[in-house]
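Note sheet for the following structure.
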Amino acid sequence: MQTFFPTQKQLSSAFSGCSPFPQAKPEPQLKRPSKWLAQHELYPAWSAADDAKNKAAKLSDAAVAEFEKASSKAQSKTGKIELYSAKFYAACTFGGIMACGLTHTAVTPLDLVKCRRQVDSKMYKGNFEAWGKISRAEGVRGIFTGWGPTFWGYSVQGGLKYGGYEFFKKFYADLVGEENFHKYKTAVYLTASASAEFIADVGLCPFEAVKVRMQTTIPPFAKTTVGGISYITGKEGFGGLYKGLYPLWGRQIPYTMMKFASFETIVEMIYNYLPGSKNDYGKGAQTAVSFTGGYLAGILCAIVSHPADVMVSKLNANRQPGEAFGAAMGRIYKDIGFTGLWNGLPVRIVMIGTLTGLQWMIYDYFKIFMGLPTTGGPAPDKEKEKA
């Protein structure tokens, strides 16, 4: 029956032209917006986020391109750097200067509070209270008291420490042989780092003496590094700059042994846990591993070396002229007791953890910049001893 009767649609089409009544226009169908259009029309924040993400990606790409350009230029000037060559040790020394000098100077405000609390634990209750009191009494510059000797001292120490570590690690590895090195590599790391730090502290000690006295005398006994050195040598002779050398060795050598040996071990563990090999990861990922390993190593370093760090501060601030080292140590320990040796430890954990993480990140990033492999991970094969 359907074939004999027209449908409503057919009737409307046939008589639409002669109908006396106005025809209702069909409502236009809205085109469904795409996901991209909906994001930009209905949610403007998405558009802003996308723009920010795109700009960040462009800036990142530009930074990587500039880094590669500068790295290629530097490598073309120095030539190909062979591992364990004179150029290699020079590059590692310069990387150590950057890593230690810059980072220690950056955390001078933390170091200032730590040193003053070690000398007088009741002086400040916390960092923010300390910085507030110092800035009100001495101005904002007062928060950075001691930055000059800190920069020069730790630049010298950093260069000798990192460059020396690379040298002694290779020296002791060759001395024991390849097979024994792989068996006892932690012992090699410990011995190499101790040897490097022993030498590095001789360069650090005069600047450390000036720094500690600047930070623990109110107002500071000298305004500049040169002025501080002149004042100490004028009153106590050249030996006055080195009266804290033994406790400095006692603080820094265990610290550095823990810093390098634990870093090498932690980094190796991280790469063993991650899928693939170390070479499968890019520059950013490798430096992130360096920072993580360095931060964890820094926490251990702070705990191991803290009692000696307290003694260094006390000796530089309170040791009497002509007083024997042992007598001074005994007198100070009697005053502060065992508990006093741990004054300021939480602050130092934050400071040293951050410092050590940043130092390894800067050091390894500089090595990448010079076309060298980062520190840690599997030992390189003999056939890969060229960068």
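Glycine is no exception: its Cβ is also placed from the backbone N, Cα and C atoms.
Automatic, uncurated: that is what TrEMBL annotation is.
Features as listed in TrEMBL:
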REPEAT    87-171  repeat 'Solcar'
REPEAT    184-269  repeat 'Solcar'
REPEAT    285-369  repeat 'Solcar'
(request) For the repeat 'Solcar' (184-269), give the DSSP counts of helix residues, strand residues and coil residues. (result) 74 helix, 0 strand, 12 coil
(request) Across the whole of the repeat 'Solcar' (87-171), what does the mean pLDDT come to? Round it, please. (result) 91
